[in-house]
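Chemist: For reference, TrEMBL lists these features for the protein:
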type	residues	note
BINDING	CYS48, ASP50, HIS100, CYS103	Zn(2+) binding site
Amino acid sequence: MDQANLMDQANLLKEVILHNDSFVKSHSHKDFEPYIPKQDPCITLLTCSDSRVQLEAFFPESINKVFVVRNIGNQILTNRGSVDYGVLCLNTPILMILGHVDCGAIKAFMSGYSHTNLNICAELNHLHLSLSPKESKENSLLFYIEKNIHSQVEIALEMYSEKIDKGELLVLGALYDFANQCGQGYGRLFIININGKVVPKIRDYETLSKFLKEESKNDKK
Ligand SMILES: [Zn+2]
């Protein structure tokens, strides 16, 4: 391994150790006590592994709150057991499926990926379920990213219909826009699907709560 790489690794690890040390020093045992016996998250988050998508953009405190499942392309079926664990064993009342702009998995699926290794191919193959048949070539990458999010929500609706019907689970599709492609600010989170209902990109709580109220009325019907 060359010297420059070793230096980079050493610097990164130094950063990790120093950050952890200051984390330990700035927290007392009281901070950990509530969740040492067991975890009690309130949301299962299925998102893409992309390093540009990180929880601090929308969760100020994610410890013991967010049960996170990540893979390339935020797909349910490639991590079905983990998503089941959050929804059925930890009983989080929300499952959020979060995609993001400039998703490399969707880009690779759309442009052809047979040259990548077998393991990567195997994961990307699952996107056939949500993105095939390919529609007009005119459609943007963002169109397919959103289509994948909606399709993943549809899969979740089938998997967890009982809980959803009882009002015990809300499935949300969301989009994270770190590149301001939607013109609403860098790092904006949009809700784009509520229990299978495609909604206009919601970014404010007032609009979201209006849609949520409608959704709970539908539940009661
Ligand atoms: Zn991605």
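Numbers here mean position along the shown chain, with the first residue as 1.
The backbone N, Cα and C atoms fix where each Cβ goes, glycine too.
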Chemist: Under DSSP, is HIS100 (Zn(2+) binding site) part of a helix or a strand, or is it coil?
Modeler: strand
Chemist: With the Zn(2+) site defined by CYS48, ASP50, HIS100, CYS103, which remaining residues of that chain have Cβ atoms positioned within 8 Å of the Cβ centroid?
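Modeler: After dropping the recorded site residues, what remains is THR47, SER49, ARG52, VAL53, GLY73, ASN74, GLY99, VAL101, ASP102, GLY104, ALA105, ILE106, ILE145, TYR176.
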Chemist: Under 8 Å Cβ-Cβ from CYS48 (Zn(2+) binding site), six or more apart in the same chain: what's there?
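Modeler: CYS48 (Zn(2+) binding site) has long-range Cβ partners ARG70, ASN71, ILE72, GLY73, ASN74, LEU98, GLY99, HIS100, CYS103, ALA105.
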